[in-house]
Amino acid sequence: MSTAEDPDHGIDKTETTMVETSVSHPKHGSHGQRSTVPTLDPLTWPKWTKIGITANICANAFINNVTSAGVVPTLGPIVVELNVPITTASQILSYAVLSQGLGNLIWVPTMLVFGKRWTIIATSVLLLPAIAWCASAKSFNSLLAARIVSGFASGASESFAPAIIGDIWYERDLTLALGIFALCIVAGAGLGQAALGYVTQGIGWRWAFWVTFIIAAINFVTMIIWLPETTYQRGLKVGVTAGDLERKIELEHGDTETFALQKDNTNNLTNAPTIEDAPPMVSMRPNLWFIRHPHVNYKLNWLRQFARPFQFFLSPSVLWASLTYAVAAGAFTAVGVCIPLLLGGPPYLFQPGAQGLFGLSALVGVCIGGTVGSRIVDVFSNHMERRRRKAGAPHKPEERLVMLILPFCTVTVGLIVYGITVEQKRPWIAPAVGYTIHSAGFSLLASITYSYIIDSYLIRSGEAMVFNNMLRALLSFAFADFVPNWLVRSGSTEVYCVLAGVVWAILLLGIPLFYLGPSLRAKTDRFL
């Protein structure tokens with residue numbers, strides 16, 4: 001086997017490995033069936049293993065967002081006990097969100113140098129005492145400091161989970177898997193508010209933190225038991241998409257349709273990565289209990305890895321997708337943070353428990369957007385991919401951006417309905433419907449932008465998600481910090497209609513990106 005780098009394929013052939021073994025090969029008279037024999041490559045692991053890993057990491061994301069955003073119902077009692085105004089008390093949310101995003105600048109370089117498993121477990125080791133500190137804080141400044149530390153520890157999953165999902169799932173399943181992840185993020189806020197609202201109302205706001213401590217401790221144990229290291233060096237270079245990888249696997253290992261197309265489209269398909277045999281996996285234990293994992297590059301320079309996410313300022317695709325997600329996340333945060341302010345007074349007079357129940361409307365929305373909506377996007381994306389194969393066209397991650405028409409209508413309309421109905425003091429069901437529509441659209445938008453970034457930059461997905469979450473944290477912090485005062489001055493109609501207009505404007509920029517994305521990525525890949 002040659003040891004030279006293939007400039008056409010962007011692959012170092014000394015490092016390439018097979019991601020799926022074949023029971024029978026079409027060239028040998030097979031029926032194009034794939035083997036279920038797992039190898040060391042996580043893409044070939046059994047489906048139940050992948051589901052277990054995804055469930056574990058999504059549960060971690062859910063709990064982390066219960067910790068950060070699910071404590072909205074505690075604001076009222078904190079105002080009374082610690083003697084601060086509501087606009088000041090909301091800082092325990094805005095600063096936690098900020099530290100969540102900026103914490104990824106530390107955690108992801110650490111993940112790249114020391115591996116995903118032990119790094120994410122380390123975040124839980126830091127998170128547990130930080131939550132206990134929140135529960136026992138005697139002053140607002142102490143509580144705020146504890147929230148900043150807990151935010152720093154809890155934000156890692158928002159970069160780790162997409163990277164791990166990209167390690168184990170094929171491109172055709174990315175949007176659904178990432179949609180479930182996005183669902184868990186938003187559900188952490190919605191379901192967390194509902195549960196902790198009644199905890200706060202029944203036994204006090206400090207117990208809201210103790211409850212999150214208990215569930216975080218349970219998740220810590222499950223990750224120790226079943227969160228294997230998923231890092232696997234395939235020798236891929238920047239520019240190879242998740243779709244390219246999947247096409248080459250199917251070409252070499254048994255997809256009858258792809259082999260039929262090979263005669264007409266050899267050039268397109270052979271430009272995908274070369275995949276060679278990976279050793280069979282005998283046991284999962286080496287990925288669970290190790291000191292040095294064979295596929296983690298411990299020689300990487302941590303400071304250089306720290307700087308690498310900032311390179312994505314030069315990538316129009318990642319910059320636009322991250323800004324789109326960040327603006328939508330900021331609007332979603334602006335709704336959740338201000339629930340006590342808008343619904344705690346007349347005519348609603350919602351107590352913490354009722355405020356938490358109102359948050360369930362967001363949960364309904366994200367369940368719809370994160371499951372049904374994401375699956376629709378996957379079906380559409382797979383349909384377009386088959387059409388491109390038959391036409392001899394290369395894989396195009398931008399195809400999935402067409403489905404942004406759904407969040408274009410729902411994220412914005414939900415904001416407008418919510419803002420107008422609250423200001424007009426309509427029955428609580430009216431703003432709840434608006435919140436549901438907005439949440440469904442936000443969950444779907446998150447899954448589309450996540451999958452677009454990971455598909456486009458598979459080998460750099462961890463750093464790309466750091467960049468994504470850094471922008472999300474900065475904008476969510478800004479929105480959570482200034483929107484409460486803006487609401488007091490201008491009212492909810494103006495605030496949420498303006499936010500809807502901003503979301504509309506940035507989503508419209510996706511139209512030129514759909515056409516120019518492939519050429520822009522080709523021109524900027526050399527900088528990454």
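Every residue, even glycine, has its Cβ placed from backbone N, Cα and C.
All annotation found in TrEMBL is predicted automatically rather than curated by experts.
As written in TrEMBL, here are the features:
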COMPBIAS  1-15  compositional bias 'Basic and acidic residues'
DOMAIN    53-528  domain 'Major facilitator superfamily (MFS) profile'
REGION    1-38  region 'Disordered'
TRANSMEM  92-112  transmembrane segment
TRANSMEM  118-137  transmembrane segment
TRANSMEM  174-195  transmembrane segment
TRANSMEM  207-227  transmembrane segment
TRANSMEM  318-343  transmembrane segment
TRANSMEM  355-380  transmembrane segment
TRANSMEM  401-420  transmembrane segment
TRANSMEM  432-454  transmembrane segment
TRANSMEM  466-487  transmembrane segment
TRANSMEM  493-516  transmembrane segment
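Non-local neighbours of the transmembrane segment (466-487) in the same chain are 86-87, 90-91, 93-95, 97-102, 104-105, 108, 155, 158-159, 309-310, 312-313, 318, 321-323, 325-327, 329-331, 333-334, 337-338, 341-342, 449-450, 453, 495, 499; each lies 6+ residues outside the stretch with a CB under 8 Å from one of its CB atoms. Across 92-112, 118-137, 174-195, 493-516, the stretch most heavily in contact with the transmembrane segment (207-227), judged by Cβ pairs under 8 Å, is 118-137. Non-local neighbours of the transmembrane segment (92-112) in the same chain are 64, 67-69, 71-72, 75, 78, 119-120, 122-123, 143-144, 147-156, 158-160, 163, 297, 300, 302-303, 305-306, 308-309, 333, 337, 462-463, 465-466, 469-474, 476-477, 480-481; each lies 6+ residues outside the stretch with a CB under 8 Å from one of its CB atoms. Taken together, the residues in the domain 'Major facilitator superfamily (MFS) profile' (53-528) have a mean pLDDT of 86 on the 0 to 100 scale.
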